[in-house]
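The signal peptide feature in TrEMBL is assigned to 1-18. Here TrEMBL flags 108-189, 333-402 as domain 'Ig-like'. Per TrEMBL, transmembrane segment is recorded for 409-433.
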Amino acid sequence: MERFVLILFPALISTSGASKSVYAQVGGRVVLKPPAINTYKYVYWRFAKEDGLQLAWRNHLGGTGINKDEPWTNKLTLPDESLVITNLQPENFGTYFCEITSGSQTLPIHSIELIKLNVSVSPAEPLLPGESLSLSCTADYRKKPEIYWLNPRGERIKNNQGTVTVRVTSQDDGMWICVVAEEKQVKMPVKVVGLSPAPLVPHYTSTSSPITVPCSIPPLITWEQIKAKGIHEVHWQFFPETSSGLISQDAQRLFSLSLAGPLSWKRDQPRGLSPARDPKTGNLDLTRKLARVEDRGDYMCTMKFKNGRTLNRTVHVEVLQIISSPGPHLLSGQQLNLTCSVGQPLPSDLHLQWFRPKQSAQPDLKSARLTIPEVSTDDGGQWECGLLQGETRLTSAAITLTIEPKLSVWMLVISCSAAAIVSLLLLILGLIIHRRRRRKMRHLRPQLCRCKKPKPKGFYRT
Ligand SMILES: *[C@@H]1O[C@H](CO)[C@@H](O)[C@H](O)[C@H]1NC(C)=O
Ligand SMILES: *[C@@H]1O[C@H](CO)[C@@H](O)[C@H](O)[C@H]1NC(C)=O
Ligand SMILES: *[C@@H]1O[C@H](CO)[C@@H](O)[C@H](O)[C@H]1NC(C)=O
């Protein structure tokens, strides 16, 4: 009977609230805390048994002693009453006991169960969407603690005793967390290959700005890893936006990446776009110095793998443009319509803002169309139209208007007419002189005949 009680005793202690479970992994670090105490004389830390191997002690004056023997060498520190263990090895897991004496009084011995956690992820290499991922989180303990996994979106995943197997999607990229007994969290990074940037964000540019269609492989993924996945083809396609604002289904292939030998781009229908110089860096962007209205549409960057899996990223490009009717060269007094648009209605969170030339008296307007009933020379200069999301300017287009003063035109007309009148008068005068000369000549002719030695005309020296 006595034996039985003795055997039961440690088990009773461990369930009596004076005991605690702490989870850690091999190689990890733990801080074992004693129960809350106001004053003490001595704190003793022991291993395996209440009166087992003494690991460390501390007194209220700050004096300490630490066990330096194997397997504890260079692992233990006692910065205060808490025992800190670093670089945990399998033999360091087990039960720790903390005994506290306060004057003549000895408090009940406190025990802490240090439990080994085994957390693993397979495969460790980056995955393609659709590939299978296994996560395992197990506690080496007879009483199984509650264990579950959280995916990177914080959702709890159904598991079988700490093991989870999922077919990954791009959303599974990120930090997975194993939660043990609602207190210990172990983070495991999982890499699912995807193309950047994040989808669904339209890319805004303007006819006064460069165009950059972004696409890249994530910075931590190398081409070697992608080749190891069996890369088969990489290309860019363009789906133009029709005038009705719909995206055409007919794709134009812009570029293909030649994968044999050093990576290099092959031009199919480049549309004046240039690919980033060195695809080896993972940057697959397409660029041009100025965007054009014909650039509106969807650009798709695709990677095909030999197992049939594909990665793709579609970038929707919107090009802001200012149209001036009747044109950029006007006479003062003419009606002017300035229209700023991306060719289709804007989403509700975006708005336009006009920036007029400094001297222009037009009020600042926010509508897509600006009508000026009679332009003046003060309206000449650079007009700008910004596309804003709240305070952020996404892009802006510009147009330079030249406006001739009406006055100078009238002056031109007057001076032209004056010149015409003068030349007419001169012409008439010339005619009169000519006629009079001819009449004179007729008078002189008989005299000239009688003349024997007519003097040669013109100047000459004597
Ligand atoms: C941890 O788990 C993995 C996979 O389940 C196993 O291969 C490995 O041996 C375990 N490690 C330890 C220390 O238990
Ligand atoms: C693009 O990728 C998605 C999965 O992310 C896939 O369902 C779709 O078929 C792909 N599209 C093309 C044209 O390859
Ligand atoms: C400007 O817009 C108005 C209204 O749409 C139109 O009646 C007018 O003809 C336009 N003027 C010019 C110069 O385009």
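Glycine too: its Cβ is placed from the backbone N, Cα and C atoms.
Helix, strand and coil counts from DSSP across the domain 'Ig-like' (333-402) read 3 helix, 36 strand, 31 coil.
Per DSSP, the secondary structure of the domain 'Ig-like' (108-189) breaks down as 3 helix, 48 strand, 31 coil. For the domain 'Ig-like' (108-189), the predicted model reports an average pLDDT of 93.
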